[in-house]
């Protein structure tokens, strides 16, 4: 017989939680793979030059809590410990504000991710459902399977009947080198792919039990960072948090940056709508902005062979800053924009062109330079603050 979880929506523990990152080797260690992974995630077919580059590369209060986030190689992703089931099965999962599925590899089928798989039969709180899920990637590969309900605990906060989407099929080449076991989607639940019944994200299920309906991301460059749920740790940022409205009509954390600045040049006003995505490695912006940045770097070029903008590795890169709200400026250090080395001795840029994707993406290259608040209140908004780097 299956022992069902108690009716209480969360554990009775008061206080906060944080999630920890686990260091490991995830995707192929080159820039073209990071860009190809982003194309696949958002259903964009790979341009011929990028596919060729990829194939030729060898590369008394309510609840709060915190989870440490460990960077994988080249800061390609940040994995956090998540417990599923009773007794708990512990997994390293990637927190992803650009998707809304909590999915994990299945222990009973071949696991291409290389990470541990979830065994529903090993949990006495597991409940099978008739729902299925399917994610189709831009290269035609896919992941999908069945949906269970089970206890999910992150950083000390639990939800007893969280939808856990179990991957029966994983065919994407972008997951083959992974050492984490799946994703925790933290976008808006409207993006969830379960059918016929969309499922709520973990955040949507717990947020009304938190002190505040927020997640904060404090990712780091080549070092462990953290996600905090339900509270803002003032020691993690400097100055003021500047808030900007979110357009969640597409299910994403979408905002509009107000312009950009290259090094010490004059700030250039521009409307730059884009999504904030912890599950994307790089920063993708419109072509004119990307060209202006690399034109300031001697020897840089847009290289089809390498799948994007590259530059001589010994160059010192200028900072890149973007505007938020009423006059705030978030600055990304130049060394954060040196993403990875290529086999030809050049280096791949952490800023790339968003034209093929169709919208800007503020991925980890941008996020690890700032303290970011994801406010899921009735009128959602994003908060940005500078922090010690």
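Just so it is clear, glycine is given a Cβ too, placed from its N, Cα and C backbone atoms.
Residues annotated as active site in TrEMBL: 96 (among others). Residue density at residue 96 (active site): 23 other Cβ atoms are found within 10 A of its Cβ, drawing on all protein chains shown.
Non-local contacts of residue 277 (active site) by the CB criterion (under 8 A, 6+ apart in sequence, same chain) comprise 96, 97, 98, 252, 253, 361, 362, 363. The active site annotation in TrEMBL covers 277 (among others).
Per TrEMBL, disulfide bond is recorded for 313-347.
According to TrEMBL, the feature domain 'Peptidase A1' maps to 78-385.
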So if I draw a 10 Å sphere around the Cβ of residue 313 (disulfide bond), how many other Cβ atoms end up inside it?
14
Looking at Cβ-Cβ distances, which residues of the chain lie under 8 angstroms from residue 347 (disulfide bond) while being 6 or more apart from it?
310, 311, 312, 313, 338, 339, 340, 341
